[in-house]
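Asker: So TrEMBL has the following annotated:
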- A:16-34: transmembrane segment (TRANSMEM)
- A:65-85: transmembrane segment (TRANSMEM)
- A:91-109: transmembrane segment (TRANSMEM)
- A:116-139: transmembrane segment (TRANSMEM)
- A:202-226: transmembrane segment (TRANSMEM)
- A:256-278: transmembrane segment (TRANSMEM)
- A:335-353: transmembrane segment (TRANSMEM)
Amino acid sequence: MERDSKLKTFVENIKFPLLAILLSFLIGALFIIWTGNNPLVAYGALLSGSLGGLDRFGQTLLKTTPLIFTGLAVSFAFRCGLFNIGAEGQYVIGALTTVAAGYIFNSIFGDLPRFIFIPLVMLAGALGGALWAAIAGFLKSKLGVHEVITTIMLNYTSIHVSNFFVRTALNPSTLEGTTQKAYTVLLPESARLTQLKEIIPWFGYSSVHTGIFIAIICAIIAYFILFKTTLGYEIRSVGQNSHAAEYGGISVSKNLVLAMIISGMFAGLAGATQVAGLNYKVDMAPISPGYGFTGIAVALVGKNHPLGVLASALLFGILSNGARRMQIEGIPKEVVGIIQGIIIIFIAGERIIKFVSEIRERRNRKCNVEGVN
Amino acid sequence: MNYVVEMKNITKVFPGVVANDNVNFSVKKGEIHVLLGENGAGKTTLMNILYGLYEPTSGEIYIKGEKVEIKNPNIAIEKGIGMVHQHFMLVEPFTVAENIILGTEPSLYGGLKLDNEKAVEEVNRISNEYGLAVDPNVKIEDISVGMQQRVEILKALYRGADILILDEPTAVLTPQEIEELGVILRNLANQGKSIILITHKLKEVMAMSDRVTVIRRGKIINTLNTKDTSGEELAELMVGRKVNLVVQKEKREAGKSVLEVKDLHALDNRGVPALKGISFEVKAGEIFALAGVDGNGQTELIEVITGLRNAIKGKVLLEGEDITRLKTRKIIEKGVGHIPEDRLKRGLILNHTIAENMILGDHHKEPFSKNGIMNYDIIHEHAKKLIEEFDVRTPSEEVNAKSLSGGNQQKVIIARELNRDPVLLIAAQPTRGLDVGAIEFVHKRLVEQRNRGKAVLLVSLELDEVMALADRIGVIYDGKLVGILSAEEATEKKLGIMMAGGKA
């Protein structure tokens, strides 16, 4: 019977997102018809482009990997009642510290074995993201500065900090005496993640790397922390009702900072795996790549549940990878953006409906409670 | 047939709930008629139908013999029905006169200017007519709650109401104000007004009304003449079973001092002094009650004792040990149980399961947590045990706390706090919003705690509760203790005077 009720809550939880996704595709179809195309062709291309064959699926997983991390980052903070808009900045700093750690460890210890070197650079990326997030966490818990403001501002700061280091301390011209480049030194070979096609050749042209496994493990870790540990209990308590948490002897400020740090670690790992698995360097960039922002949508669609994040990151991966194939078929890839937008509106819409009904409920309850005195 | 209001076979269905089930209710001219029932029994729904805020699903309403359809409050007002809500609908920065005439303002120059003189004159006229003294020129924000209620009544009368509905009118009043209200209502009834009182307080029913209609779970149980019934009978009709209204309590000697508060000072959330040097002690085996009107420092006092607020001066001692600067977690571990005044804000995490709520405060300790990992099997077993022991009505320990009724939510909190076996139990408004049955349960548990030799600090706005439970009663006013009375010497009158800051 217990299993039954669990199954029921599971169905209850995914019912709405699934419906939202379905509806979004239907509305997207209208737009495709409007542009004079056949939606079946378009969606066929979308699906075959992202799932048709192991090489294409590999490419989808490649796009999914950073989104899992940033989705986890946003949802973990959200469980503590924090809106971490700054996964983007934490991603940027994480990527930067990964490259830096790669260079530093390599120059101190020479060629390290992969099973030591890879965890080291991953840790560096995670710590970079954590540090960046901790700034917002401390400002929130000590001074009450709202995290939305600080994380947005830190996003801008991060890109400038990154560009500064790319131009100076981490530039090949500084470290290797070459001419000035628009990117950092490369990550040493033995710090790089293995590409799956090296093990399974059917992945073909796809550059998907073992970062996807790290992402899945992180989702499981996030789930474990949130729902099986005392820390998770406290974080969720603070997120749901900080007054009650305080009453139960839980330190609100400590948990805010901790949740922000862990959230930043996930975002930092997004940067670390992207560097160690795909780019091997950090480029000069006028703007950041946007994984952190998409992570907000991923978290929203995944209902802030680590396992939901896995599914929704995959959905976003499918959409963004399939969009290319759709464009080849002559259908504007913006349709995918529209579908993504509509999914988010629907899911946010559910929130709005719930929010309004909760306020109404609360008001009623207040009347009842006061009425009795 | 001299009924001014007749509601026949009224049924009101909300999605999933039948709030009123084939209700028949009638009021005679010139009587005070109480509609008595527990929370959620459907009394307010019925009156909202009469006032046009809800439309009934089926049924008929007759006003003075004429069949009417009251689609909105404007029609109700037209038919001579006035309602005084629990939450006053007054514009605070406006004067009494401005509030009373609001909506039907006398004006000058064809509506360009409010005719203030005429307004004041009108208000004086009706205030004299019904013997309800008010000063028309003072602002609402400057007058007492009792006065504000009077303004609300005048507002209804000004609009020509001869059927007055008052929703829980005594909730916000001091004992003296309640008495005054009783006199006012009796005067109005003598002048031919019909008055419907919505309440769940038996004492007021007996003191104020001519007839009483008891409603339970949406159904009318009976309509009785007040003089032919008793509080016990009404309680039984209201709850549906025998209720013990008197708290059984043997005399016992108090032991050594458990809690000592010495010259405590603290600020409220706005940084204004809320505690101004309060001192008292609570001994083992006694219930020490702190009475007072809301907002006189009670909240801040409890928060300082439980470590949720910093004291700026003074000391809190628990069994002789200074706990003033300790963190909440430490204070819980020292043996302080706390039933918070606002269970929804402080006491429960509504979106957590009952099982998770039942360990709040102990969640970091064995057996619930070991090396930072929670043991949910034990947590669920623990919750099942407490649900059984404290008779929490819930389908399982896995449902969220928000799906429980108020009484059962309070049971969850009480179960959690008592299970810790605290040396000091702080109970702040422990029966707020609860129905008679649940109140009985809470009171029994508090007395039990006392009889086991524990110290209980009860903070309550309900004088009845204070007088029924306490061994000693302290009255708090403006952040200071006005005085302490023993249960024997305390009377409602004495306490009332002290609650207003006077010496008994």
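Even glycines carry a Cβ here, placed using N, Cα and C.
Automated prediction, rather than curation, is the source of TrEMBL annotations.
Thinking about packing and proximity, how do these listed features fit into the structure?
Answerer: Outside the transmembrane segment (A:16-34), and at least 6 residues removed from its termini, the chain residues within Cβ reach (under 8 Å) are 42-43, 301-303, 308, 312, 315, 331, 335, 338-340, 342-343, 346-347, 349-350.
Using a Cβ-Cβ cut-off under 8 Å and counting only residues 6 or more beyond its ends in the same chain, the transmembrane segment (A:65-85) has close neighbours at 91, 129, 133, 136-137, 140, 147-148, 151-152, 155, 208-209, 211-212, 215-216, 218-219, 222, 225-226, 235-236, 238-240, 242, 255-256, 259-260, 262-267, 269-271, 273-274, 277, 291-296, 298-299, 302, 304-306, 308-310, 312-313, 316-317.
Within the chain carrying the transmembrane segment (A:116-139), a Cβ under 8 angstroms from the stretch's Cβ atoms is held by residues 73, 77, 82, 84, 86, 89-91, 93-98, 100-102, 105-106, 145, 147, 150-151, 154, 158, 187-188, 190-193, 214, 256-273, 275-276, all 6 or more beyond its ends.
Long-range Cβ contacts of the transmembrane segment (A:202-226) within its own chain (Cβ-Cβ under 8 Å, at least 6 residues beyond either end) map to 53-59, 61-62, 64-65, 68-69, 72, 75-76, 79, 122, 193-196, 232, 235-236, 262, 266, 269, 273-274, 276-278, 305-307, 309-310, 313.
Beyond the ends of the transmembrane segment (A:256-278), by six or more residues, the same chain brings 62, 65-66, 69-70, 72-74, 76-77, 79-82, 84, 86-88, 90-99, 102, 118, 121-122, 124-134, 136-138, 140-141, 147, 187, 191-193, 195, 207, 209-211, 214-215, 218, 222, 225, 231, 235, 238-239, 291-292, 295 to within a C-beta distance below 8 angstroms of the stretch.
Long-range contacts of the transmembrane segment (A:335-353) within its own chain (CB-CB distance under 8 A, at least 6 residues past either end) are made by residues 16-17, 19-21, 23-25, 27-28, 31-32, 35, 42, 46, 297, 300-301, 316, 319-320, 322-323, 326.
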